[in-house]
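Accompanying notes for the structure given below.
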Amino acid sequence: GLLSKVLGVGKKVLCGVSGLC
């Protein structure tokens, strides 16, 4: 649903910002 989409985008953003991926 919408929440899972938001969480998925959030994880991608955090991943890119933190440089952990």
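Glycine too: its Cβ is placed from the backbone N, Cα and C atoms.
What Swiss-Prot records for this protein:
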{"type": "DISULFID", "residues": "Cys15-Cys21", "note": "disulfide bond"}
Please report the three-state DSSP label of Cys21 (disulfide bond).
coil
Mapped DSSP class for Cys15 (disulfide bond), helix or strand or coil:
helix
